[in-house]
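Beneath this line is the structure, given in structure tokens, with notes to follow.
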Amino acid sequence: MRTKIFNFLTSPIAVIVVILITAGLQSVSGNLAYFFGIIVALIALWGSKFKWSEFGINKFPWLKTCMRALLLAVLIYLGIDFIVQPLIEHYLGAIDLSALDHIRGSLVNYLIFIVIMWVFAAFGEEFLYRGYFMKRVALFLGDTDKAWLTSAVVISALFGLAHYYQGLSGMITTGLIGFLLALIFYKNRNNLGLAILTHGFYDMIGITLIYLNKERLIADWIGQFL
């Protein structure tokens, strides 16, 4: 029974339907869309008898992976803040991060949000968007490098759409960040843990700067030259 459920939820038709429903629910509620998708993905995991490798999660060297993830997170953050964000905001307006104002200057809210981020964003989003959606679409398309890259582009667009509350600039920027995380998974298809940790470290940098009210320090400095 469990195997049949897994086979069904990882079939091309089922995955495409789940992706379309998730995308459609974005117009109603981002949280509703996320929880719908993650529940389906977790049921698929249960159906696989918790065979994490079906979602790209295998044992990996923790220290080495953490160091690589931290380096990647810093590089991505600097690239986004120095180049991408200033350019996008110059033409489309500032990213709307007002949904995170509750953590500014509040240590308690900051610490609580860090925990929530690691569970629902770092793990949850990578498990859903990369481990479930991206991997399955890549397999449907032939499991070639081209198939994986095509899947990365499509799913990253969906990932950006999920952050519509940040405005158009936020959706585009987040979509690009999602694509970079997808590339990490593309290059490490049996180690989703690297993408999870990179996502978590990246968000920790951003959340910490928001807590300190310094998240626009680099983008605003670069922006004055545009």
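Placed from the backbone N, Cα and C atoms, the Cβ positions cover glycine too.
Because TrEMBL annotations are produced automatically, they should be read as predictions rather than curated entries.
Annotated transmembrane segment per TrEMBL: 5-25, 31-48, 69-88, 108-128, 148-165, 171-186, 193-212, in sequence order. Look at TrEMBL and you will find 109-204 tagged as domain 'CAAX prenyl protease 2/Lysostaphin resistance protein A-like'.
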Quiz item: Under an 8 Å Cβ to Cβ limit, what residues of the same chain, 6 or more beyond the ends of the transmembrane segment (171-186), are close to it?
Solution: 56, 72, 76, 80, 84-85, 88, 92, 95, 126, 129-131, 134-135, 145, 148-149, 151-153, 155-157, 159-164, 192, 194-195, 198-199, 202
Exercise. Please indicate, using numbers and ranges, the residues of the same chain that are 6 or more beyond the transmembrane segment (69-88) and have a C-beta under 8 Å from a C-beta there.
Key: 95, 169, 172-173, 176-177, 180, 184, 194, 197-202, 204-206, 218-219, 222-223, 226
Quiz item: Per DSSP, how many helix, strand and coil residues does the domain 'CAAX prenyl protease 2/Lysostaphin resistance protein A-like' (109-204) have?
Solution: 86 helix, 0 strand, 10 coil
